[in-house]
Amino acid sequence: MAAATVRGVDRNTSESLMSLKKAVTAASPLALRIVAECPVTKARACDLALPHWTVSTPVFMPVGTQGTLKGITADQLESLGCQICLGNTYHLGMRPGPDLIERANGLHGFMNWKRNLLTDSGGFQMVSLVELSEVTEEGVKFKSPYDGKEILLSPEKSISIQNSLGSDIMMQLDDVVSSTVKGPRVEEAMHRSIRWLDRCIAANKHPDRQNLFAIIQGGLDAQLRKACLNEMTQRDVPGFAIGGLSGGEEKDDFWRMVTLSTDYLPREKPRYLMGVGYAVDLVVCVALGCDMFDCVFPTRTARFGSALVPWGSLQVKQKQYAKDFQPIDPDCQCPTCKRHSRAYLHALFKSDTAAMHHVTIHNISYQLTLMRSVRQSIVDGRFPEFIRTFMKRMFPSPDQYPGWAMEALASVNVALD
Ligand SMILES: [Zn+2]
């Protein structure tokens with residue numbers, strides 16, 4: 001089935017991309033075309049047409065906290081092939097504020113970014129500021145860390161800010177509970193997230209040009225997840241996110257909740273797994289049927305001198321690289337690897353923040369290149385082989401393969417040897 005889909009698509013790529021684009025501007029601001037489905041796993045490769053660009057999935061979306069990625073410009077992000085990146089509503093809503101950004105023609109104009117933007121609801125930041133916040137049916141109340149004023153982030157307020165930012169994808173405000181919390185609070189948060197989704201849908205002033213995604217909650221409880229999936233998939237939203245994971249839960253619980261979610265999510269809509277960015281997690285969760293990912297990890301770890309490579313990571317600051325004139329990864333085509341050696345970056349880290357910039361560029365390039373290779377292997381009908389080769393390179397020996405990853409892959413018919 002997949003091979004036939006692939007052949008049909010190769011002939012018509014530009015034509016169907018154009019009709020996809022038309023579909024976006026005419027009626028709904030999102031169109032998903034499945035380019036290929038892996039005949040073995042649940043993986044798929046899609047073209048996701050959004051108002052500013054057509055995104056090739058599976059896709060990793062870098063996070064730009066305050067409108068720009070720390071240490072990298074919109075220009076550089078574009079030349080690395082990034083088609084969609086994230087803006088943090090909480091930070092942007094506080095400073096410089098939605099009014100100023102609206103006057104700059106939204107976040108696209110403010111950043112001068114021509115491609116797609118996804119904004120979060122602002123709610124997730126509340127988990128990290130939990131000592132300052134209080135959740136009621138109305139919304140999340142918290143004290144501004146900038147001036148101490150009390151602020152209410154309601155579903156309506158979150159959507160109003162995201163409408164001002166003008167993002168291509170907006171996230172609903174959800175009631176976020178840490179994935180390690182158990183008991184009635186998880187059920188309460190799940191039901192409240194459904195009610196808040198309805199308030200977000202009603203509050204969206206631009207359904208013709210901004211896509212609102214629902215966020216599936218339910219903690220690590222399969223029954224609650226199913227109940228949430230059942231309710232939310234009855235709403236006519238353009239896409240779904242799997243939320244409430246990647247917060248320190250056991251990996252075994254994590255992958256089971258992911259695969260349960262993709263089993264129930266509609267095939268014709270995009271599936272975004274929030275907060276996932278480790279290479280192994282990305283490859284496994286693509287196999288489980290997810291299309292979109294985001295995580296601060298690749299850029300955060302770069303600032304500590306940790307470069308992502310096919311065999312794990314390389315700590316540029318370590319002494320052993322002081323006289324090593326190879327690039328970070330000899331096979332990497334990024335501007336950092338084309339120009340600079342490990343020794344140069346090692347020396348630069350002692351004195352200059354430019355070192356962080358160079359490693360950030362490399363790490364984003366690593367993530368985007370990884371996802372492009374994953375996609376190509378799905379299109380070529382060889383994703384299971386790709387996984388085996390990827391794992392062999394990532395771990396020195398098969399007895400070091402993480403048990404959860406082996407189990408998750410076995411659940412979608414990929415045996416690692
Ligand atoms: Zn590189």
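Note: Cβ is positioned from N, Cα and C throughout, glycine not excepted.
Per TrEMBL, the candidate among His206, His358, His362 that belongs to the Zn(2+) site alongside Cys332, Cys334, Cys337 is His362. The record from TrEMBL ties Asp120, Ser121, Gly122, Gly123, Phe124, Asp174, Gln217 to substrate, and of the options Gly97, Gly148, Gly244 it ties Gly244 to that site too.
In TrEMBL, the region 'RNA binding' annotation falls on 299-303 of the listed ranges 64-68, 154-158, 249-253, 299-303.
TrEMBL assigns the feature region 'RNA binding' to one of the listed ranges (107-113, 275-281, 408-414), namely 275-281. Here the candidates are the recorded positions Gln217, Asp294, Cys332, Cys334, His362. The one whose C-alpha lies nearest to that of Asp120 (active site, proton acceptor) is Asp294. In sequence order, Pro327, Ile328, Asp329, Gln333, Pro335, Thr336, Lys338, Ile361, Ser365, Tyr366 are the same-chain residues whose CB sits within 8 A of the CB centroid of Cys332, Cys334, Cys337, His362, the residues recorded for Zn(2+) being left out.
Applying an 8 A CB threshold to same-chain residues 6+ apart, the list for Phe124 (substrate binding site) reads Tyr90, Val176, Met274. Shown for the region 'RNA binding' (299-303): DSSP residue counts in helix, strand and coil, namely 4 helix, 0 strand, 1 coil.
Among the record's substrate binders, Asp120, Ser121, Gly122, Gly123, Phe124, Asp174, Gln217, Gly244, no two C-alpha atoms are more than 16 Å apart, and one pair sits at exactly that spread.
When the Cα of Gly244 (substrate binding site) is compared against those of the recorded positions Asp294, Cys334, His362, the shortest separation belongs to Asp294.
Among the recorded positions Asp120, Gly122, Asp174, Gly244, Asp294, no residue has its Cβ under 6 Å from any atom of ligand 1.
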